[in-house]
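One structure below.
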């Protein structure tokens with residue numbers, strides 16, 4: 001059951017990614033790379049010792065903000081577009097929740113800037129998903 005759901009989600013994301021323009025593809029790739037680096041920096045505090053991670057956190061924040069803002073503006077354009085945006089934002093929300101839980105289990109400092117960024121992404125994603133949840137039913141998935 002879980003494998004089937006994951007397979008469906010991955011197929012939807014792949015289809016969505018293939019329909020994007022080249023600029024959006026670059027933004028998503030850059031966003032994923034910076035997300036991974038930010039997540040790693042939460043657990044390896046030495047990584048931010050030089051302060052270079054500020055640029056990566058800022059880039060990630062800008063890209064995530066663009067995706068969420070763009071999603072909010074165009075949510076009503078078509079049910080298929082809403083569905084794919086929910087899949088993208090939902091995937092980020094699940095990953096952010098997993099990283100946040102791991103950080104709490106491993107007793108990472110709550111003032112860690114990267115952890116704060118991930119938590120803010122989680123809250124924004126939940127807000128988007130909450131507002132989008134009334135726009136379609138579970139039949140679409």
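The backbone N, Cα and C atoms fix where each Cβ goes, and this holds for glycine too.
Annotation source TrEMBL lists transmembrane segment at 20-43 (among others).
According to TrEMBL, the feature transmembrane segment maps to 87-106 (among others).
Nonlocal intrachain contacts for the transmembrane segment (112-132), taken as residues 6+ away from its ends with a CB within less than 8 angstroms of a stretch CB, comprise 38-39, 41-42, 45, 48, 53-54, 57, 60-61, 64-65, 68, 71-72, 75, 82, 85-86, 89-90, 92-93, 96-97, 99-100, 103. Look at TrEMBL and you will find 112-132 (among others) tagged as transmembrane segment.
Residues 9, 12-13, 16, 28, 35, 39, 42-43, 64, 67-68, 71, 112, 115, 118-119, 121-122, 125-126, 128-129, 132 of the same chain, all 6+ positions outside the transmembrane segment (87-106), place their C-beta atoms under 8 angstroms from a C-beta of that stretch.
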